[in-house]
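Here's the structure, in structure tokens; my notes come after.
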Amino acid sequence: MKIGLIGAGNMGGAIYRALVQKFSPEDIFVCDHSQEKLDALGVTHGFTKVTDMLPQVDVVLLGVKPQTFAEIHLDLSDKLVISIMAGISLGSIAAKTGAARVVRSMPNLPAQVGQGLTGWVANENVTGQEKDLVQEIFTSFGKEIEVNEEAMVDVITALSGCGPAYFFYLTELLQEKALTLGLSSDQARIIAETTFVGAAHLLEKNTKTAKEWREAVSSKGGVTVAALSHLQKQKFDVIFDQAIDAAIRRSQELKQ
Ligand SMILES: NC(=O)c1ccc[n+]([C@@H]2O[C@H](COP(=O)([O-])OP(=O)(O)OC[C@H]3O[C@@H](n4cnc5c(N)ncnc54)[C@H](OP(=O)(O)O)[C@@H]3O)[C@@H](O)[C@H]2O)c1
């Protein structure tokens, strides 16, 4: 199978780098307006015009911005189309490109370091063998979760798509607090980043769940419990729950 990526931007570039590690570089084609972006990626089969690339590929990965997609007119009727575009439905992609076989996905930012999480849904025409290929593509830059209903892509968007921002926000708050408590800006940054990244590495070891780790560091009557009890009393769980619901609603509103 020859895979053609349209758009070598932030996400497309990261996906290209992952794909050429996993598949034969001979099978990976990329198109971007910018020859500079193609050169920076060291692309072997690069194109600046999408119509030059399409005849060579079986699978098309749509990595352009949703607003750009509205302006492109492509006939992808004989391709397996995999979109990473936020908010463009399976039906809109099929209607706009003539493709019968469509996958809609939502990768997240850590895909850029090979640690992404991609939620995806396929329409009824995508075969089991094609789904295996889709999984291989997504696991080249992290983990993947297939969902059966398209509405779940909005849910995944609010959870793992936005998830890195929740983590960055907490990191930012810890850093700001360290500053107000008298640490230097370098020290504050080191404290916040090392603490959260270190904790994330512990989770990655998979020996305990997040809840188990939290309980392990929360001795009764101790310092951590003082902070966590305050969060619980102030209903941080309810606020966080509502925040995710707001993201789901926004994802549904923006869907085209
Ligand atoms: N960034 C994320 O964390 C993230 C996460 C999940 C999903 N996504 C989705 O990923 C998609 C890409 O996002 P991004 O941040 O990577 O965007 P980006 O950096 O703007 O990349 C898109 C690239 O596609 C090029 N392009 C646009 N139209 C083209 C065409 N007709 N032929 C060839 N190249 C074309 C653009 O070139 P020009 O700039 O010259 O137009 C640009 O280099 C979006 O749909 C977004 O919703 C992103």
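The count begins at 1 with the first shown residue.
Cβ atoms are placed via backbone N, Cα and C, with glycine included.
For Ile6 (NADP(+) binding site), other Cβ atoms within 10 Å of its Cβ number 26. Look at TrEMBL and you will find Ile6, Gly7, Ala8, Gly9, Asn10, Met11 tagged as NADP(+) binding site.
The feature domain 'Pyrroline-5-carboxylate reductase catalytic N-terminal' is assigned by TrEMBL to 2-87.
The domain 'Pyrroline-5-carboxylate reductase dimerisation' annotation in TrEMBL covers 150-254.
In sequence order, Gly63, Ile84, Pro107, Ala111, Gln112 constitute the residues six or more apart from Met11 (NADP(+) binding site) in its chain with CB-CB distances below 8 Å. Of the listed binding-site residues, namely Gly9, Asn10, the sparsest Cβ surroundings within 10 Å are found at Asn10.
For Ala8 (NADP(+) binding site), the same-chain residues that are 6 or more apart in sequence and have a Cβ closer than 8 Å to its Cβ are Tyr16, Val30, Cys31, Asp32, Ser34, Lys37, Leu38, Leu41, Val43, Gly46, Gly63.
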